[in-house]
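Enquirer: Below is the structure I would like to discuss, written out as C-alpha coordinates.
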Amino acid sequence: MGTNGLGSQEQESKDENRTEQPDLHMEFRDAAPEPESSRDAPPAAGDCKTPASPAPEAGAHGHGAGFVPPEGGWGWLVVFAATWCNGSIFGIQNSFGILHTMLVKEHTDPDDPASQFKVAWVGALAMGMIFFCSPVVSMFTDHFGCRKTAVSGAALAFIGLLSTSFANSLILRYFTYGILFGCGSSFAFQPSLVILGHYFRQRLGLANGVVTAGASLFSMGLPVLLDKVVEPLGLSRTFQILSLFMLVQALLALTFKPLLPSGGAMGPPAMGPGHDESQTQDAAQAGSKWGKVVARIRKYFNLRVFHIVTYRVWAFGVATAVLGYFVPYVHLINFAKEQFKENEKEWVLLVCIGASSGVGRLAFGKIGDLIPGLKKIYMQVVSFMALGLMSMMIPQCAGFEGLVVVCAFLGLCDGCFLTMMAPIAFELVGPMQASQAIGYLLGLMSLPMTAGPPIAGLLHDYFGNYTVAFSLAGVPPMVGGVVLFFVPLIHRRLQRGQAPPEDTTAYMLPAALPAGEAKSCSNGDILPGYTDVETHI
(Lines of atoms letter the chains of each structure in order from A and count residues from 1; the text may use other names and numbers.)
(Lines give C-alpha, C1' and ligand atoms only; values in the text may rest on other atoms or scores of the structure.)
Protein backbone atom coordinates (compact mmCIF):
# COMPACT_ATOMS: atom_id res chain seq x y z
CA MET A 1 0.00 0.00 0.00
CA GLY A 2 1.24 3.51 -0.77
CA THR A 3 0.46 6.64 -2.70
CA ASN A 4 3.90 7.34 -4.05
CA GLY A 5 4.02 9.84 -6.88
CA LEU A 6 0.66 11.56 -6.41
CA GLY A 7 2.13 14.79 -5.13
CA SER A 8 4.84 14.92 -7.76
CA GLN A 9 2.38 14.58 -10.63
CA GLU A 10 0.20 17.32 -9.17
CA GLN A 11 3.22 19.62 -8.81
CA GLU A 12 4.24 19.03 -12.41
CA SER A 13 0.84 20.03 -13.74
CA LYS A 14 0.72 23.06 -11.49
CA ASP A 15 4.08 24.12 -12.87
CA GLU A 16 2.85 23.93 -16.45
CA ASN A 17 -0.28 25.95 -15.71
CA ARG A 18 1.57 28.55 -13.65
CA THR A 19 3.84 29.42 -16.57
CA GLU A 20 0.78 30.14 -18.70
CA GLN A 21 -0.87 32.47 -16.24
CA PRO A 22 0.74 35.81 -17.26
CA ASP A 23 -0.81 35.46 -20.74
CA LEU A 24 -4.24 35.05 -19.17
CA HIS A 25 -3.84 38.25 -17.16
CA MET A 26 -2.75 40.04 -20.33
CA GLU A 27 -5.95 38.93 -22.06
CA PHE A 28 -8.00 40.30 -19.17
CA ARG A 29 -6.34 43.70 -19.38
CA ASP A 30 -6.88 43.79 -23.15
CA ALA A 31 -10.52 42.78 -22.87
CA ALA A 32 -11.69 45.77 -20.84
CA PRO A 33 -9.25 48.54 -19.90
CA GLU A 34 -10.09 50.28 -16.65
CA PRO A 35 -10.06 54.01 -16.12
CA GLU A 36 -7.70 55.43 -13.54
CA SER A 37 -10.52 56.06 -11.08
CA SER A 38 -11.61 52.42 -10.97
CA ARG A 39 -8.11 51.01 -10.54
CA ASP A 40 -7.85 52.45 -7.06
CA ALA A 41 -11.34 51.43 -6.03
CA PRO A 42 -11.45 48.69 -3.38
CA PRO A 43 -12.77 45.34 -4.64
CA ALA A 44 -16.07 43.97 -3.49
CA ALA A 45 -16.03 41.56 -0.56
CA GLY A 46 -15.22 38.01 -1.67
CA ASP A 47 -14.02 39.11 -5.11
CA CYS A 48 -10.50 38.79 -6.48
CA LYS A 49 -9.52 41.86 -8.43
CA THR A 50 -7.37 41.41 -11.49
CA PRO A 51 -3.88 42.67 -10.63
CA ALA A 52 -2.89 45.83 -12.46
CA SER A 53 0.69 45.82 -11.21
CA PRO A 54 3.38 43.71 -12.83
CA ALA A 55 3.45 40.08 -11.73
CA PRO A 56 6.07 39.18 -9.13
CA GLU A 57 9.17 37.37 -10.19
CA ALA A 58 8.52 33.71 -10.83
CA GLY A 59 11.50 32.58 -8.87
CA ALA A 60 10.15 34.29 -5.79
CA HIS A 61 6.68 32.83 -5.76
CA GLY A 62 6.56 29.57 -7.63
CA HIS A 63 7.39 27.50 -10.63
CA GLY A 64 7.17 30.31 -13.13
CA ALA A 65 9.13 30.94 -16.27
CA GLY A 66 12.04 32.36 -14.25
CA PHE A 67 12.34 29.43 -11.82
CA VAL A 68 14.63 26.58 -12.89
CA PRO A 69 14.83 23.60 -10.49
CA PRO A 70 18.36 22.28 -9.97
CA GLU A 71 17.44 18.90 -11.51
CA GLY A 72 19.85 17.09 -9.19
CA GLY A 73 22.60 17.97 -6.77
CA TRP A 74 21.06 18.31 -3.30
CA GLY A 75 17.84 17.04 -4.84
CA TRP A 76 19.16 13.47 -5.00
CA LEU A 77 19.65 13.52 -1.23
CA VAL A 78 16.05 14.69 -0.98
CA VAL A 79 15.04 11.75 -3.20
CA PHE A 80 16.84 9.36 -0.83
CA ALA A 81 15.05 10.90 2.16
CA ALA A 82 11.67 10.65 0.40
CA THR A 83 12.41 7.01 -0.49
CA TRP A 84 13.23 6.21 3.14
CA CYS A 85 10.05 7.97 4.29
CA ASN A 86 7.72 6.17 1.86
CA GLY A 87 9.43 2.83 2.31
CA SER A 88 9.57 2.85 6.11
CA ILE A 89 5.99 4.03 6.62
CA PHE A 90 4.24 1.76 4.16
CA GLY A 91 6.74 -1.06 4.66
CA ILE A 92 5.72 -1.17 8.32
CA GLN A 93 2.04 -0.93 7.41
CA ASN A 94 2.23 -3.64 4.76
CA SER A 95 4.13 -5.92 7.14
CA PHE A 96 1.63 -5.50 9.95
CA GLY A 97 0.35 -9.03 9.38
CA ILE A 98 3.46 -10.35 11.15
CA LEU A 99 2.98 -7.95 14.06
CA HIS A 100 -0.70 -8.87 14.13
CA THR A 101 0.06 -12.53 14.87
CA MET A 102 2.23 -11.52 17.83
CA LEU A 103 -0.41 -9.12 19.11
CA VAL A 104 -2.97 -11.92 18.91
CA LYS A 105 -0.75 -14.19 21.03
CA GLU A 106 -0.18 -11.45 23.59
CA HIS A 107 -3.72 -10.09 23.89
CA THR A 108 -5.97 -13.01 23.00
CA ASP A 109 -8.38 -13.97 25.78
CA PRO A 110 -9.77 -17.52 25.45
CA ASP A 111 -12.98 -16.35 27.09
CA ASP A 112 -13.37 -13.38 24.72
CA PRO A 113 -15.07 -14.36 21.44
CA ALA A 114 -14.17 -11.01 19.84
CA SER A 115 -10.40 -11.00 20.45
CA GLN A 116 -9.48 -10.93 16.73
CA PHE A 117 -11.87 -8.05 16.21
CA LYS A 118 -10.22 -6.03 18.98
CA VAL A 119 -6.62 -6.74 17.92
CA ALA A 120 -7.29 -5.85 14.27
CA TRP A 121 -8.13 -2.27 15.30
CA VAL A 122 -4.46 -1.58 16.12
CA GLY A 123 -3.24 -1.78 12.52
CA ALA A 124 -6.49 -0.57 10.98
CA LEU A 125 -6.44 2.67 12.99
CA ALA A 126 -2.87 3.42 11.90
CA MET A 127 -3.63 2.95 8.21
CA GLY A 128 -6.88 4.88 8.48
CA MET A 129 -5.24 7.84 10.22
CA ILE A 130 -2.65 8.17 7.44
CA PHE A 131 -5.43 8.90 4.98
CA PHE A 132 -7.85 10.61 7.36
CA CYS A 133 -5.31 13.33 8.15
CA SER A 134 -4.48 14.01 4.49
CA PRO A 135 -6.59 17.19 4.04
CA VAL A 136 -5.22 18.66 7.28
CA VAL A 137 -1.63 17.76 6.36
CA SER A 138 -2.03 19.66 3.08
CA MET A 139 -2.91 22.78 5.08
CA PHE A 140 0.04 22.36 7.45
CA THR A 141 2.45 21.76 4.57
CA ASP A 142 1.26 24.92 2.88
CA HIS A 143 1.46 27.04 6.02
CA PHE A 144 4.63 25.74 7.70
CA GLY A 145 6.52 24.24 4.75
CA CYS A 146 7.66 20.72 3.90
CA ARG A 147 10.63 20.51 6.27
CA LYS A 148 8.89 21.52 9.51
CA THR A 149 5.84 19.39 8.75
CA ALA A 150 7.86 16.29 7.81
CA VAL A 151 10.26 16.52 10.77
CA SER A 152 7.38 17.00 13.22
CA GLY A 153 5.45 14.09 11.71
CA ALA A 154 8.42 11.71 11.78
CA ALA A 155 9.15 12.69 15.39
CA LEU A 156 5.53 12.00 16.35
CA ALA A 157 5.64 8.62 14.58
CA PHE A 158 8.89 7.80 16.42
CA ILE A 159 7.26 8.63 19.76
CA GLY A 160 4.24 6.51 18.82
CA LEU A 161 6.28 3.39 17.98
CA LEU A 162 8.58 3.79 20.96
CA SER A 163 5.69 4.22 23.40
CA THR A 164 3.94 1.20 21.82
CA SER A 165 6.87 -0.95 22.93
CA PHE A 166 6.12 -0.04 26.56
CA ALA A 167 2.33 -0.35 26.30
CA ASN A 168 0.83 -3.47 27.85
CA SER A 169 -2.82 -3.12 26.87
CA LEU A 170 -4.76 -2.91 23.62
CA ILE A 171 -6.34 0.40 24.62
CA LEU A 172 -2.92 2.02 24.96
CA ARG A 173 -1.75 0.53 21.68
CA TYR A 174 -4.85 1.90 19.94
CA PHE A 175 -3.57 5.33 20.93
CA THR A 176 0.22 4.90 20.61
CA TYR A 177 0.33 2.84 17.40
CA GLY A 178 -3.04 3.60 15.84
CA ILE A 179 -3.30 7.34 16.55
CA LEU A 180 0.21 8.65 17.25
CA PHE A 181 2.08 6.55 14.70
CA GLY A 182 -0.72 6.89 12.12
CA CYS A 183 -0.98 10.69 12.40
CA GLY A 184 2.80 11.12 12.48
CA SER A 185 3.16 8.97 9.37
CA SER A 186 0.62 11.10 7.53
CA PHE A 187 2.43 14.33 8.41
CA ALA A 188 5.77 12.84 7.35
CA PHE A 189 4.54 11.20 4.15
CA GLN A 190 2.82 13.96 2.17
CA PRO A 191 5.66 16.55 2.36
CA SER A 192 8.05 13.90 1.04
CA LEU A 193 6.09 13.92 -2.22
CA VAL A 194 5.57 17.67 -2.46
CA ILE A 195 9.27 18.48 -1.96
CA LEU A 196 10.28 16.57 -5.10
CA GLY A 197 8.66 19.29 -7.23
CA HIS A 198 11.02 21.85 -5.68
CA TYR A 199 14.10 20.13 -7.07
CA PHE A 200 12.98 18.44 -10.30
CA ARG A 201 10.96 19.27 -13.37
CA GLN A 202 12.54 17.58 -16.37
CA ARG A 203 13.65 14.65 -14.21
CA LEU A 204 10.56 14.56 -12.01
CA GLY A 205 9.43 11.25 -13.49
CA LEU A 206 12.84 9.72 -12.86
CA ALA A 207 12.88 11.00 -9.27
CA ASN A 208 9.41 9.65 -8.64
CA GLY A 209 10.40 6.31 -10.17
CA VAL A 210 13.38 6.06 -7.83
CA VAL A 211 11.14 6.78 -4.82
CA THR A 212 8.57 4.22 -5.97
CA ALA A 213 11.11 1.48 -6.62
CA GLY A 214 12.95 2.15 -3.37
CA ALA A 215 9.74 2.08 -1.35
CA SER A 216 8.86 -1.28 -2.87
CA LEU A 217 12.21 -2.64 -1.69
CA PHE A 218 11.23 -1.72 1.88
CA SER A 219 7.94 -3.60 1.46
CA MET A 220 9.94 -6.63 0.35
CA GLY A 221 12.68 -6.42 2.98
CA LEU A 222 10.81 -5.51 6.17
CA PRO A 223 8.76 -8.75 6.31
CA VAL A 224 12.03 -10.70 6.18
CA LEU A 225 13.50 -8.56 8.97
CA LEU A 226 10.41 -8.85 11.16
CA ASP A 227 10.26 -12.61 10.69
CA LYS A 228 13.83 -12.87 11.98
CA VAL A 229 13.52 -10.55 14.99
CA VAL A 230 9.94 -10.85 16.28
CA GLU A 231 10.21 -14.36 17.68
CA PRO A 232 13.65 -14.15 19.34
CA LEU A 233 13.44 -10.52 20.54
CA GLY A 234 9.76 -10.24 21.33
CA LEU A 235 7.14 -7.68 20.38
CA SER A 236 8.43 -4.89 22.62
CA ARG A 237 11.97 -4.89 21.20
CA THR A 238 10.57 -5.17 17.67
CA PHE A 239 8.61 -1.93 18.07
CA GLN A 240 11.75 -0.26 19.41
CA ILE A 241 13.68 -1.36 16.32
CA LEU A 242 10.92 -0.06 14.06
CA SER A 243 10.95 3.26 15.89
CA LEU A 244 14.56 3.73 14.76
CA PHE A 245 13.34 3.88 11.16
CA MET A 246 11.22 6.90 12.02
CA LEU A 247 14.02 8.52 14.03
CA VAL A 248 16.26 8.27 10.97
CA GLN A 249 13.41 9.72 8.90
CA ALA A 250 13.14 12.72 11.25
CA LEU A 251 16.84 13.43 10.62
CA LEU A 252 16.57 12.87 6.87
CA ALA A 253 13.58 15.22 6.68
CA LEU A 254 15.92 18.05 7.63
CA THR A 255 17.18 17.83 4.03
CA PHE A 256 13.77 19.01 2.77
CA LYS A 257 15.05 22.52 2.13
CA PRO A 258 12.25 24.29 0.23
CA LEU A 259 13.14 26.29 -2.86
CA LEU A 260 9.65 27.79 -2.96
CA PRO A 261 7.97 29.75 -0.16
CA SER A 262 5.33 28.15 2.04
CA GLY A 263 2.02 28.30 0.24
CA GLY A 264 3.57 28.43 -3.21
CA ALA A 265 2.31 24.98 -4.14
CA MET A 266 -1.12 25.16 -2.52
CA GLY A 267 -4.36 25.84 -4.32
CA PRO A 268 -4.92 26.73 -7.96
CA PRO A 269 -1.88 28.05 -9.84
CA ALA A 270 -3.49 31.40 -10.53
CA MET A 271 -3.78 31.99 -6.80
CA GLY A 272 -0.24 32.79 -5.86
CA PRO A 273 0.91 34.60 -2.75
CA GLY A 274 -0.21 37.89 -4.24
CA HIS A 275 -3.77 36.59 -4.27
CA ASP A 276 -3.52 35.52 -0.64
CA GLU A 277 -2.16 38.92 0.34
CA SER A 278 -5.02 40.69 -1.43
CA GLN A 279 -7.52 38.47 0.40
CA THR A 280 -5.87 39.29 3.71
CA GLN A 281 -5.92 43.01 2.90
CA ASP A 282 -9.59 42.84 1.96
CA ALA A 283 -10.40 41.16 5.27
CA ALA A 284 -8.32 43.73 7.14
CA GLN A 285 -10.17 46.55 5.41
CA ALA A 286 -13.41 44.93 6.52
CA GLY A 287 -12.06 45.26 10.07
CA SER A 288 -12.93 41.69 11.05
CA LYS A 289 -10.61 38.99 12.35
CA TRP A 290 -13.39 36.54 11.69
CA GLY A 291 -13.24 37.52 8.02
CA LYS A 292 -9.57 36.57 7.92
CA VAL A 293 -10.31 33.20 9.46
CA VAL A 294 -13.16 32.49 7.04
CA ALA A 295 -11.05 33.54 4.04
CA ARG A 296 -8.22 31.24 5.10
CA ILE A 297 -10.57 28.31 5.73
CA ARG A 298 -12.19 28.80 2.34
CA LYS A 299 -8.75 28.80 0.73
CA TYR A 300 -7.60 25.56 2.33
CA PHE A 301 -10.91 23.67 2.35
CA ASN A 302 -12.36 24.41 -1.05
CA LEU A 303 -15.27 22.02 -1.68
CA ARG A 304 -15.64 22.99 -5.34
CA VAL A 305 -14.59 19.52 -6.50
CA PHE A 306 -17.74 18.03 -4.97
CA HIS A 307 -19.84 20.09 -7.39
CA ILE A 308 -18.63 17.74 -10.14
CA VAL A 309 -20.94 14.75 -10.52
CA THR A 310 -18.31 12.43 -11.97
CA TYR A 311 -15.91 13.16 -9.10
CA ARG A 312 -18.59 12.38 -6.53
CA VAL A 313 -19.39 9.07 -8.22
CA TRP A 314 -15.69 8.18 -8.52
CA ALA A 315 -14.96 9.06 -4.88
CA PHE A 316 -17.96 7.00 -3.71
CA GLY A 317 -16.86 4.01 -5.80
CA VAL A 318 -13.26 4.09 -4.54
CA ALA A 319 -14.36 4.55 -0.90
CA THR A 320 -16.68 1.56 -1.26
CA ALA A 321 -13.99 -0.61 -2.83
CA VAL A 322 -11.39 -0.07 -0.09
CA LEU A 323 -13.66 -1.51 2.61
CA GLY A 324 -12.09 -4.88 1.86
CA TYR A 325 -8.80 -3.57 0.46
CA PHE A 326 -6.64 -3.69 3.62
CA VAL A 327 -8.02 -6.99 4.97
CA PRO A 328 -5.34 -9.25 3.39
CA TYR A 329 -2.51 -7.07 4.72
CA VAL A 330 -3.72 -7.59 8.29
CA HIS A 331 -5.11 -11.14 8.34
CA LEU A 332 -3.18 -12.97 5.61
CA ILE A 333 -0.29 -14.11 7.84
CA ASN A 334 -2.63 -15.37 10.56
CA PHE A 335 -4.68 -17.21 7.92
CA ALA A 336 -1.55 -18.90 6.54
CA LYS A 337 -0.51 -20.01 10.02
CA GLU A 338 -3.91 -21.57 10.62
CA GLN A 339 -4.26 -23.11 7.17
CA PHE A 340 -0.66 -24.27 6.55
CA LYS A 341 0.69 -25.08 10.00
CA GLU A 342 3.65 -27.03 8.64
CA ASN A 343 4.87 -24.00 6.66
CA GLU A 344 7.06 -21.47 8.45
CA LYS A 345 7.61 -19.00 5.59
CA GLU A 346 4.41 -16.98 5.75
CA TRP A 347 6.46 -13.80 5.34
CA VAL A 348 7.00 -14.79 1.71
CA LEU A 349 3.39 -13.77 1.03
CA LEU A 350 3.99 -10.15 2.05
CA VAL A 351 7.25 -10.04 0.11
CA CYS A 352 5.38 -11.28 -2.96
CA ILE A 353 2.70 -8.60 -2.59
CA GLY A 354 5.34 -5.87 -2.20
CA ALA A 355 7.37 -7.02 -5.20
CA SER A 356 4.43 -7.42 -7.57
CA SER A 357 2.99 -4.07 -6.42
CA GLY A 358 6.25 -2.34 -7.38
CA VAL A 359 6.21 -4.02 -10.77
CA GLY A 360 2.56 -3.09 -11.22
CA ARG A 361 3.15 0.59 -10.48
CA LEU A 362 5.87 0.86 -13.09
CA ALA A 363 4.13 -1.25 -15.74
CA PHE A 364 0.62 0.16 -15.41
CA GLY A 365 2.00 3.68 -15.15
CA LYS A 366 3.47 3.29 -18.63
CA ILE A 367 0.26 1.66 -19.92
CA GLY A 368 -1.86 4.45 -18.45
CA ASP A 369 0.14 7.05 -20.39
CA LEU A 370 -1.02 5.38 -23.61
CA ILE A 371 -4.73 5.44 -22.72
CA PRO A 372 -6.43 8.78 -23.45
CA GLY A 373 -8.84 10.66 -21.24
CA LEU A 374 -11.14 9.02 -18.72
CA LYS A 375 -10.70 5.62 -20.34
CA LYS A 376 -7.94 5.21 -17.75
CA ILE A 377 -10.65 4.57 -15.19
CA TYR A 378 -11.36 1.21 -16.78
CA MET A 379 -7.93 0.11 -15.52
CA GLN A 380 -9.14 0.77 -12.00
CA VAL A 381 -12.36 -1.09 -12.75
CA VAL A 382 -10.40 -4.18 -13.83
CA SER A 383 -8.02 -3.91 -10.88
CA PHE A 384 -10.86 -3.73 -8.34
CA MET A 385 -12.69 -6.63 -9.95
CA ALA A 386 -9.53 -8.75 -9.94
CA LEU A 387 -8.68 -7.69 -6.38
CA GLY A 388 -12.12 -8.78 -5.16
CA LEU A 389 -11.82 -12.09 -6.99
CA MET A 390 -8.35 -12.76 -5.57
CA SER A 391 -9.58 -11.99 -2.06
CA MET A 392 -12.32 -14.58 -2.51
CA MET A 393 -9.74 -17.06 -3.81
CA ILE A 394 -7.54 -16.85 -0.68
CA PRO A 395 -9.57 -19.32 1.45
CA GLN A 396 -9.95 -21.63 -1.56
CA CYS A 397 -6.20 -22.21 -1.92
CA ALA A 398 -5.38 -25.80 -0.98
CA GLY A 399 -1.61 -25.32 -1.26
CA PHE A 400 0.81 -22.65 -0.14
CA GLU A 401 2.13 -22.22 -3.69
CA GLY A 402 -1.36 -21.33 -4.89
CA LEU A 403 -1.59 -18.69 -2.17
CA VAL A 404 1.69 -17.18 -3.39
CA VAL A 405 0.22 -16.84 -6.90
CA VAL A 406 -2.90 -15.16 -5.52
CA CYS A 407 -0.72 -12.71 -3.57
CA ALA A 408 1.21 -11.86 -6.74
CA PHE A 409 -2.04 -10.86 -8.46
CA LEU A 410 -3.10 -8.90 -5.36
CA GLY A 411 0.10 -6.86 -5.59
CA LEU A 412 -0.42 -6.15 -9.29
CA CYS A 413 -3.97 -4.93 -8.60
CA ASP A 414 -2.63 -2.74 -5.79
CA GLY A 415 -0.04 -1.16 -8.08
CA CYS A 416 -2.57 -0.51 -10.86
CA PHE A 417 -5.15 1.05 -8.53
CA LEU A 418 -2.67 3.41 -6.87
CA THR A 419 -0.89 4.44 -10.06
CA MET A 420 -4.13 5.53 -11.74
CA MET A 421 -5.45 7.68 -8.88
CA ALA A 422 -3.65 10.91 -9.79
CA PRO A 423 -4.20 10.74 -13.60
CA ILE A 424 -7.92 10.07 -13.12
CA ALA A 425 -8.22 12.97 -10.66
CA PHE A 426 -6.56 15.24 -13.25
CA GLU A 427 -9.04 14.14 -15.90
CA LEU A 428 -12.07 14.67 -13.65
CA VAL A 429 -11.31 18.03 -12.01
CA GLY A 430 -8.39 19.47 -13.94
CA PRO A 431 -4.83 20.02 -12.70
CA MET A 432 -5.67 23.01 -10.52
CA GLN A 433 -8.01 21.12 -8.21
CA ALA A 434 -6.28 17.72 -8.41
CA SER A 435 -4.39 18.22 -5.14
CA GLN A 436 -7.52 18.89 -3.11
CA ALA A 437 -9.47 16.23 -4.99
CA ILE A 438 -6.92 13.57 -4.03
CA GLY A 439 -6.73 14.86 -0.46
CA TYR A 440 -10.49 14.61 -0.03
CA LEU A 441 -10.51 11.18 -1.67
CA LEU A 442 -7.87 9.88 0.75
CA GLY A 443 -9.90 11.27 3.63
CA LEU A 444 -13.01 9.46 2.41
CA MET A 445 -11.01 6.24 1.99
CA SER A 446 -9.86 6.30 5.60
CA LEU A 447 -13.19 5.34 7.19
CA PRO A 448 -13.96 2.14 5.22
CA MET A 449 -10.28 1.17 5.14
CA THR A 450 -10.19 1.40 8.94
CA ALA A 451 -13.41 -0.58 9.40
CA GLY A 452 -12.54 -3.47 7.04
CA PRO A 453 -9.94 -5.45 9.08
CA PRO A 454 -11.89 -5.32 12.40
CA ILE A 455 -15.02 -6.56 10.62
CA ALA A 456 -13.00 -9.43 9.12
CA GLY A 457 -11.65 -10.21 12.60
CA LEU A 458 -15.18 -10.25 14.01
CA LEU A 459 -16.30 -12.69 11.30
CA HIS A 460 -13.31 -14.92 12.10
CA ASP A 461 -14.23 -14.94 15.80
CA TYR A 462 -17.84 -15.82 14.98
CA PHE A 463 -17.25 -18.56 12.38
CA GLY A 464 -13.90 -19.86 13.67
CA ASN A 465 -12.11 -19.46 10.31
CA TYR A 466 -11.36 -16.90 7.60
CA THR A 467 -13.50 -18.37 4.82
CA VAL A 468 -16.43 -16.01 5.24
CA ALA A 469 -14.18 -13.04 6.14
CA PHE A 470 -12.07 -13.18 2.96
CA SER A 471 -15.05 -14.07 0.77
CA LEU A 472 -17.03 -11.05 1.96
CA ALA A 473 -13.91 -8.84 1.75
CA GLY A 474 -13.96 -9.41 -2.01
CA VAL A 475 -17.47 -8.00 -2.41
CA PRO A 476 -16.79 -4.26 -1.79
CA PRO A 477 -14.01 -4.03 -4.44
CA MET A 478 -16.34 -5.59 -7.00
CA VAL A 479 -19.17 -3.21 -6.08
CA GLY A 480 -16.76 -0.30 -6.29
CA GLY A 481 -15.58 -1.49 -9.70
CA VAL A 482 -19.17 -1.55 -10.98
CA VAL A 483 -19.72 2.01 -9.73
CA LEU A 484 -16.51 3.24 -11.41
CA PHE A 485 -17.60 1.65 -14.69
CA PHE A 486 -20.35 4.26 -15.03
CA VAL A 487 -18.09 7.30 -14.46
CA PRO A 488 -16.93 7.64 -18.12
CA LEU A 489 -20.51 7.10 -19.28
CA ILE A 490 -21.80 9.90 -17.05
CA HIS A 491 -18.92 12.12 -18.16
CA ARG A 492 -19.74 11.63 -21.86
CA ARG A 493 -23.43 12.22 -21.24
CA LEU A 494 -22.71 15.51 -19.48
CA GLN A 495 -20.33 16.58 -22.24
CA ARG A 496 -22.97 16.01 -24.90
CA GLY A 497 -25.06 18.70 -23.24
CA GLN A 498 -22.25 21.26 -23.31
CA ALA A 499 -21.57 23.96 -25.90
CA PRO A 500 -19.39 23.08 -28.92
CA PRO A 501 -15.63 23.21 -28.33
CA GLU A 502 -15.24 26.50 -30.16
CA ASP A 503 -17.70 28.19 -27.79
CA THR A 504 -16.15 26.99 -24.51
CA THR A 505 -13.90 30.06 -24.33
CA ALA A 506 -17.00 32.02 -23.41
CA TYR A 507 -16.96 30.18 -20.10
CA MET A 508 -13.23 30.58 -19.58
CA LEU A 509 -12.73 34.30 -20.29
CA PRO A 510 -14.77 37.13 -18.78
CA ALA A 511 -16.88 39.35 -20.93
CA ALA A 512 -15.87 42.99 -21.34
CA LEU A 513 -17.15 45.03 -18.43
CA PRO A 514 -18.51 48.59 -18.59
CA ALA A 515 -15.99 51.35 -17.98
CA GLY A 516 -15.58 52.19 -14.33
CA GLU A 517 -16.63 48.75 -13.07
CA ALA A 518 -13.92 46.78 -11.26
CA LYS A 519 -13.21 43.38 -12.69
CA SER A 520 -13.60 40.47 -10.32
CA CYS A 521 -13.80 36.69 -10.49
CA SER A 522 -15.36 34.10 -8.24
CA ASN A 523 -13.13 31.32 -7.01
CA GLY A 524 -11.79 29.33 -9.96
CA ASP A 525 -14.30 30.45 -12.60
CA ILE A 526 -11.75 31.75 -15.11
CA LEU A 527 -8.73 29.63 -14.33
CA PRO A 528 -7.32 27.33 -17.01
CA GLY A 529 -7.09 23.58 -16.65
CA TYR A 530 -10.63 22.59 -15.78
CA THR A 531 -12.65 20.02 -17.71
CA ASP A 532 -15.58 21.15 -19.83
CA VAL A 533 -18.01 19.74 -17.30
CA GLU A 534 -16.54 21.72 -14.40
CA THR A 535 -16.35 24.91 -16.47
CA HIS A 536 -20.07 24.61 -17.20
CA ILE A 537 -20.84 24.15 -13.49
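Cβ atoms here come from the backbone N, Cα and C positions, even for glycine.
According to TrEMBL, the protein carries these features:
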COMPBIAS  1-10  compositional bias 'Polar residues'
COMPBIAS  11-39  compositional bias 'Basic and acidic residues'
REGION    1-64  region 'Disordered'
TRANSMEM  74-99  transmembrane segment
TRANSMEM  119-138  transmembrane segment
TRANSMEM  150-171  transmembrane segment
TRANSMEM  177-199  transmembrane segment
TRANSMEM  206-226  transmembrane segment
TRANSMEM  238-256  transmembrane segment
TRANSMEM  305-327  transmembrane segment
TRANSMEM  347-365  transmembrane segment
TRANSMEM  377-396  transmembrane segment
TRANSMEM  402-426  transmembrane segment
TRANSMEM  438-456  transmembrane segment
TRANSMEM  468-490  transmembrane segment
Enquirer: Go through 119-138, 238-256, 305-327, 347-365, 468-490 and flag the stretch with the largest number of C-beta pairs under 8 Å relative to the transmembrane segment (74-99).
Expert: 238-256
Enquirer: Quick test of the contact rule: Cβ under 8 Å, at least six residues beyond the ends. What residues does that give for the transmembrane segment (206-226)?
Expert: 2, 4-5, 8-9, 75, 79-80, 82-84, 86-88, 90-92, 94-95, 98-99, 192-193, 196, 199-200, 238, 347, 350-351, 353-355, 357-358, 361-362
Enquirer: Could you check whether the transmembrane segment (150-171) and the transmembrane segment (238-256) come into contact, where contact means at least 3 Cβ pairs under 8 Å with the two residues of each pair 6 or more apart in sequence?
Expert: yes
Enquirer: In terms of Cβ proximity under 8 Å, which residues at least six beyond the ends of the transmembrane segment (238-256) contact it?
Expert: 74, 77-78, 80-81, 84-85, 88, 92, 99, 102, 146-147, 150-151, 153-155, 157-158, 161-162, 164-165, 177, 181, 184, 188, 191-192, 195, 226, 229-230
Enquirer: Residues sitting near the transmembrane segment (468-490): Cβ under 8 Å, six or more positions beyond its termini, same chain?
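Expert: Sequence-distant neighbours of the transmembrane segment (468-490): 309-310, 313-314, 316-325, 327-328, 331, 335, 373-375, 377-378, 380-385, 387-392, 394-395, 428, 448, 452, 455-457, 459-460.
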Enquirer: Restricting to CB pairs under 8 Å, which listed stretch, 347-365, 377-396, 402-426, is in contact most with the transmembrane segment (305-327)?
Expert: 377-396
